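Enquirer: Okay, these came from TrEMBL:
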TRANSMEM  27-49  transmembrane segment
DOMAIN    42-293  domain 'G-protein coupled receptors family 1 profile'
TRANSMEM  61-88  transmembrane segment
TRANSMEM  100-121  transmembrane segment
TRANSMEM  142-164  transmembrane segment
TRANSMEM  198-217  transmembrane segment
TRANSMEM  238-261  transmembrane segment
TRANSMEM  273-293  transmembrane segment
Amino acid sequence: MADNSTYHYISSFFLVGIPGLQDFHCWIGIPVCLLLVLALLGNSIIIVTIKLEPSLHQPMYFFLCMLAMMDISLVLSVAPKMLAIFWLEAHGIEFNTCLAQMYFIHTFCIIESALLVAMAFDRYVAICIPLRYTTILTTTMVIKMGLGSMTRATLMVLPCPLLIKRLPYYTKNVINHTYCEHMSVVKLASANTLINRAYGISVALSVMVLDLGLIATSYIKILQAVFQLSSQNARSKALGTCAAHVCTILVSYTPALFSFLTHRIGKKVPPSVHIIFASLYLLVPPTVNPLVYGVKTKQIRDRVIGLFFPSKKIFEN
């Protein structure tokens, strides 16, 4: 703990959890633990299934595999600390550890958003220009898109902890949240935080507007191509290949958008409601994504059934 002539810099923060619901923390920890276990199990199954099934060695499923790895990383960066708060009353977190958690959470979220854009582009190429699919989405291109997603997220989020490091923290160390969220940490600084707040909002808006814009553009092109098909069966089949991706987009962006808006402009929204939604935004999509793709994608569904119920697969054959 460093000090100057008047003040002492704080060396740690106190994560409250969910304000107003502290008496129910032990019960709230149960669904959090369940979501953690399901997310780890479901995404691990997706990764193993794609690795073992040769028919899934395609760009769309490579992107899905990357998304599953990011989902696992995301829940592991936030859920263990939540459970420590809810069940062990371990509210303290070191200053640098808090910044590290904040950095990884926001980085993983931005990578996932970029992967959803990549998956939308995959569907666009597959439906609108199918004859060029294999020449455009080569393995090299998929790797470049994955690395590009990671690079963008790393460079966009890196200034956030660096800008926070320059701020003095003297008196306030209580974070009314379940994890180290950027704006919650910035608000505690004993100095002007205009630059931090402006940069944080600009990153969030630019990612959301750019990525949602690219996804919307892809699906507008897809719908135009689909409705030009003469066969109703062909239309249904083409749209069916997009169903899982659309569900994932809705699951990912809806709570994210609500959390962002309530944090910035929802003055009358109770803090507990905002924090619950902000926590669900990080825990629910990683849990639901494998279920969506497991149900909507026949190759994954059949392979999983074959892994866990081999006798049923033999019977069906």
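Glycine is treated like the rest: Cβ placed from N, Cα and C.
Automatic prediction, not curation, is the source of TrEMBL annotations.
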Enquirer: Would the transmembrane segment (100-121) count as touching the transmembrane segment (238-261), i.e. at least 3 C-beta pairs under 8 angstroms with sequence separation of 6+?
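Expert: With 3 or more qualifying Cβ pairs, these stretches touch.
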Enquirer: Mind checking which residues reach the transmembrane segment (142-164)? Cβ under 8 Å, same chain, six or more beyond either end.
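Expert: Answer is 59, 62-63, 66, 99-100, 102-103, 106-108, 110-111, 114-115, 118, 182, 185-186, 189, 195-196, 199-200, 203, 207.
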Enquirer: Counting only residues 6 or more past its boundaries, what in the same chain has a CB within less than 8 Å of a CB in the transmembrane segment (61-88)?
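Expert: 15, 17, 25-26, 28-29, 32-33, 35-36, 39-40, 43-44, 46-47, 50-51, 101, 104-105, 108-109, 111-112, 115-116, 118-119, 122, 139, 142, 145-146, 149, 178-179, 248, 279, 282-283, 285-287, 289-290, 293, 300.
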Enquirer: Between the stretches 27-49, 100-121, 273-293, which wins on the count of C-beta pairs under 8 angstroms to the transmembrane segment (198-217)?
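Expert: Ranked by Cβ pairs under 8 Å, first place goes to 100-121.
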Enquirer: Could you tell me the mean pLDDT the prediction assigns to the domain 'G-protein coupled receptors family 1 profile' (42-293)?
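Expert: Here the predicted model's pLDDT, averaged over the domain 'G-protein coupled receptors family 1 profile' (42-293), is 88.
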